[in-house]
Amino acid sequence: MTKPVYQRVLLKISGEALSGGKGSGLDFEMIGNVCDVIKECLDMGVQVGLVVGGGNFWRGAKNSGGKMERTRADHMGMLATVMNCLAVADVCEQKGIPVRVQTAIEMRAVAEPYIRSRAIRHLEKGRVVIFGAGTGNPYFSTDTAAVLRAAEIGADVILLAKNVDGVYSADPVKDPNAVKYDTISYDDVLAQHLMVMDSTATSLSMDNHIPVLLFALKDPRNIIRALCGEKVGTIVGE
Ligand code: UDP
């Protein structure tokens, strides 16, 4: 077995990825495949924190279309992430993977509240910790939540699993001349307004020197490849 190059990782999976490319709802085959790979990560001795998005159910600003007060619409988005957390946790348990869900907004009947020291204890005991409800604040994204939790738990890297296979100079769907970067600096991502993740998430990872590895979740084994230092996707770093 190839040796992992990271000890503790923060994996971010968008809601759309959990829908298996359908855009909405949950694709349990996809979730099952992701959980199998997470189990492999644990078996390699890697500690895994997971942040899931909620875009397969609700995105505050987009889905409310200006017909709701933004904060309340974002609360709905954060609740959507918790639904995804529960689905992923359930599949983890079915596969015998020890898992805990912690939410940034307290809902004790459903999950543990987010407590950093407890999250770290779970990780050290080999449990997957799924962080729900984003940052707990409106006007933020789950990408930013991923960077925040990565900083708090001292993750070596953020594995950003998306529906694109890397960072491109332009939108590869619209521009046939778009080139994919193997590596790119935070500064260039910000200066060129590249849509890797939102600028809040990019600047938070830059300020805290946490590398972000962006790759396609379409093949969940990319997670293992990324862990073992193989070249997949794009690394955003110093
Ligand atoms: N959200 C929020 N604060 C956070 C994280 C998320 O208000 O810290 C809300 C926001 O409405 C967002 C929705 O939750 O649109 C779903 O999150 P996101 O769009 O990041 O999900 P993804 O695109 O990764 O599936």
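Glycine too: its Cβ is placed from the backbone N, Cα and C atoms.
The ATP binding site annotation in TrEMBL covers Lys12, Ile13, Ser14, Gly15, Gly55, Arg59, Asn163, Tyr168, Asp171. Taken from TrEMBL, the feature UMP binding site covers Gly54, Asp74, Thr135, Gly136, Asn137, Pro138, Tyr139, Phe140, Ser141, Thr142. Under the heading domain 'Aspartate/glutamate/uridylate kinase', TrEMBL lists 8-215. Positions annotated as region 'Involved in allosteric activation by GTP' by TrEMBL: 20-25.
The two recorded residues Ser14 (ATP binding site) and Asn137 (UMP binding site) have their Cα atoms spaced 18 Å from each other. Excluding Gly54, Asp74, Thr135, Gly136, Asn137, Pro138, Tyr139, Phe140, Ser141, Thr142, which define the UMP site, the same chain contributes Gly60, Gly77, Met78, Gly134, Thr144, Ala145 within 8 Å (Cβ to the Cβ centroid), listed in sequence order. If you average pLDDT over the domain 'Aspartate/glutamate/uridylate kinase' (8-215) in this model, you get 96.
A gap of 10 Å separates the Cα atoms of Ser141 (UMP binding site) and Gly55 (ATP binding site). Closeness to ligand 1 is met by Gly55, Ser141, these being the binding-site residues among Lys12, Gly55, Ser141, Asn163, Asp171 whose Cβ falls under 6 Å from the molecule.
Counting every protein chain shown, the number of other Cβ atoms lying within 10 Å of the Cβ of Tyr139 (UMP binding site) is 12. For the ATP site, whose annotated binding residues are Lys12, Ile13, Ser14, Gly15, Gly55, Arg59, Asn163, Tyr168, Asp171, the maximal Cα to Cα separation is 24 Å.
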